[in-house]
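Colleague: For reference, the structure I am asking about is given below.
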Amino acid sequence: MEPGTNSFRVEFPDFSSTILQKLNQQRQQGQLCDVSIVVQGHIFRAHKAVLAASSPYFCDQVLLKNSRRIVLPDVMNPRVFENILLSSYTGRLVMPAPEIVSYLTAASFLQMWHVVDKCTEVLEGNPTVLCQKLNHGSDHQSPSSSSYNGLVESFELGSGGHTDFPKAQELRDGENEEESTKDELSSQLTEHEYLPSNSSTEHDRLSTEMASQDGEEGASDSAEFHYTRPMYSKPSIMAHKRWIHVKPERLEQACEGMDVHATYDEHQVTESINTVQTEHTVQPSGVEEDFHIGEKKVEAEFDEQADESNYDEQVDFYGSSMEEFSGERSDGNLIGHRQEAALAAGYSENIEMVTGIKEEASHLGFSATDKLYPCQCGKSFTHKSQRDRHMSMHLGLRPYGCGVCGKKFKMKHHLVGHMKIHTGIKPYECNICAKRFMWRDSFHRHVTSCTKSYEAAKAEQNTTEAN
């Protein structure tokens, strides 16, 4: 009995877990389920309350839209989603080591940040998981409808799911595994062979993990080693511009006694680039112009002043780094190969200058480790909201819809600019002729021409008065 009251307080410690277990049993039996999630044609029944409580994405879907049927993008792996859905009821998630990146991608889209954080911890503590993923490229393929059973596989984890998982468990338990991890990563960095096209993104992540493990050498060393990458790796649809000379002494320090067989010097960099240039064919000039346009859009980070015609253009940030995101972009990959080879040829002449600039930036205190929220494509962000917005770009989501015409946009400021069409607001006014404009680009063009006309008329008037 509580002091000073006539009431008794009792607690049921296991009650909440028991409730979730019963809800999970109901879900498996299809009882009292009030929402269906469709992933690549596979239908998963669930409870709105559980989904809304475990995922902000589902919370928006069931509360704001009152959806009874939610269709997820085809890039989502049905088996991965089923395991994540099961974890919402059980609080446990078994992730095969080669598929951790797939779980990270799915959880990022669903905004289940507790899963994202755990996946990030596993990747940071076990960088060899990425090395295993390089050898299991086929694991990213979504199961076909003829061979996939959406209701059976996740419940057979005791027999099939644990076959790969103990590997990651052993890596976490063994002290000596850290040395083998560094050796394995260093061997990836010192290879002369070209990596597969679907592993360029993972290789950037390998460099990141090496930088985090060697953080004892100082902030500048960590920042420097973070941006190192192999002499050449097949690019995604967007060309990478981070070509940096790898110092042999840096590799020796990072590997702690590892025998480095390859020595990278200026001659080998040029030789590797020349080999790349001979392997790729010349593309038409029109295709090159299209590539430059796409590259400019990515570098502009969807600038607020972009023209409305560009709002509906989708950019594949992942490129060929994952089979789910590759789609029908084989032509774009060829363009990326040729473009990156050209960029590398230009950078090889000034490679020492690039290294000097990088070292100077590291001494100024700029470190990529400050961005705590990474994306699978290799980009990192300082805030979760930025990563959410970035993930919507990957998946082609358009969450902002116009209530008048129904047109949808990726970014909120795109919708704000679109609403000017319906409201008729013209916020830009010319100071010379007082003409008003709805769009900023049109306003700037008019001001340029109007100013020239005004100055010409004024000069003509002055000449007439002088005569």
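The backbone N, Cα and C atoms fix where each Cβ goes, and this holds for glycine too.
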Colleague: Annotation SUMO2 cross-link in Swiss-Prot: match it to one of K22, K182, please.
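Modeller: The candidate carrying the SUMO2 cross-link note in Swiss-Prot is K182.
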Colleague: Annotation SUMO2 cross-link per Swiss-Prot: which of the candidates K133, K167, K297 has it?
Modeller: K297
Colleague: Tell me which residue from K48, K241, K435 Swiss-Prot records as SUMO2 cross-link.
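Modeller: Checked Swiss-Prot: the SUMO2 cross-link annotation sits on K241.
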Colleague: Quick check on the domain 'BTB' (33-97): DSSP residue counts for helix, strand, coil, in that order please.
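Modeller: DSSP composition of the domain 'BTB' (33-97): 29 helix, 13 strand, 23 coil.
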Colleague: Could you tell me the C-alpha distance between K458 (SUMO2 cross-link) and T423 (phosphothreonine) in angstrom, no decimals?
Modeller: 37
Colleague: Pull the DSSP breakdown for the zinc finger (373-394) and write it out as helix, strand, coil residue counts.
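Modeller: Helix (H, G, I), strand (E, B), coil: 11 helix, 4 strand, 7 coil.
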Colleague: Give me the DSSP three-state residue breakdown of the zinc finger (400-422), ordered helix, strand, coil.
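Modeller: Helix (H, G, I), strand (E, B), coil: 11 helix, 4 strand, 8 coil.
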Colleague: Where DSSP helix means H, G or I and strand means E or B, what are the helix, strand and coil counts for the zinc finger (428-450)?
Modeller: 11 helix, 4 strand, 8 coil
Colleague: Hey, what's the Cβ neighbour count for T423 (phosphothreonine) at 10 Å?
Modeller: 9
